[in-house]
Amino acid sequence: MLEAIFEKIKECAPYIQGVIGESAGEYFETKNATGDQQLKADLKADMIIEQEFAKIPSIKGLCSEEKEGCLILNPEGRYMIAYDPLDGSSLVEVNMSVGTIFGIYEGEFGAKNLIASAYIVYGPGIELVIAHEKVELYTFQFGRFEHRKTLALQEKGKINAPGATQACWHPKHKEFIDSLFAEGYRLRYSGGMVPDLHNILIKGGGLFSYPGASDNPKGKLRMLFEALPFAFIFEKAGGAAIDGKKRLLELEHSHLHDTTPCFFGSIHEIERVRSVYQEL
């Protein structure tokens, strides 16, 4: 039954790429559940996913990052899907890569029920990553997705992608990030979660960080839609994902749109994060 969901994600990708091109970064006057102004592409991508997933009987319900609550499709269905239809959509206006994220939960939403994840990257080409037993990369060519390779992270990487407002970082966090650059880590940060994490996965390792800061103590990235799906992917690829001290996949949410500080990366970098944050 998961295969039907994966195939539907593949079908949605070129249509969403199309609406990205058509929207040209145009905004509506509306805001989503967490106060972000919505692009036309956000809402059109959301509509595509909702319409296509409604055709799959095994999907019990959907929760979009663009909406406050859940949409129940089939009460007898097996899977709940949380998704961000267009992550990093503010980058559309400047023609940078953006993405779509899916978390597939069995029964009800919750880290312990997450059984598969996927994301799509819309850039010069379209790429898809699906994580279930392993993490598989697909490239869209000649009207279809072709399997490219299985992704696996090295023990230690070379990329540093530091998010959140730097002026609001804890001094110890800033000291840690600066130490990575002093060791020769390369800055690779676009402001889009999907392309930045995709870069680390493709290049074989590194660190993406979005800590709690004085302007957002609980972080900015949403657990169900962004943090948990990517935590699943990174762990399946041989890496790790924590909130500073605890595995993201051990966290519990109280609201559909809860946020969390998060760090994704190779084992070496995540252990260093843990050692820094144990002292805070």
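Easy rule for this one: first residue shown is 1, then count along the chain.
The backbone N, Cα and C atoms fix where each Cβ goes, and this holds for glycine too.
Its Cβ placed at the centre, D84 (Mg(2+) 1 binding site) has 29 other Cβ atoms within 10 Å. The feature Mg(2+) 1 binding site is assigned by Swiss-Prot to E65, D84, L86.
Residues within less than 8 Å, Cβ to Cβ, of E226 (Mg(2+) 2 binding site) and separated from it by at least 6 positions along the same chain comprise E65, D84, D87, I101, M193. Under the three-state DSSP scheme, E226 (Mg(2+) 2 binding site) falls in the helix class. Here Swiss-Prot flags D84, D87, E226 as Mg(2+) 2 binding site, drawing on sequence analysis.
Taking a C-beta cut-off of under 8 Å and a sequence gap of six or more, K220 (substrate binding site) has these contacts in its own chain: A164, Y210, T259. Taken from Swiss-Prot, the feature substrate binding site applies to D87, G88, S89, S90, Y189, K220.
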_Neighbours of the Mg(2+) 1 site E65, D84, L86: Cβ within 8 Å of the Cβ centroid, same chain, sequence order._
D42, A45, D46, S64, E66, Y83, P85, D87, S89, T100, I101, F225
*All-chain count of other Cβ atoms within 10 Å of L86 (Mg(2+) 1 binding site)*: 31
*asked:* Using Cβ atoms only, which residues of the same chain lie under 8 Å from S89 (substrate binding site) while being at least 6 residues apart in sequence?
replied: L39, A41, D42, V98
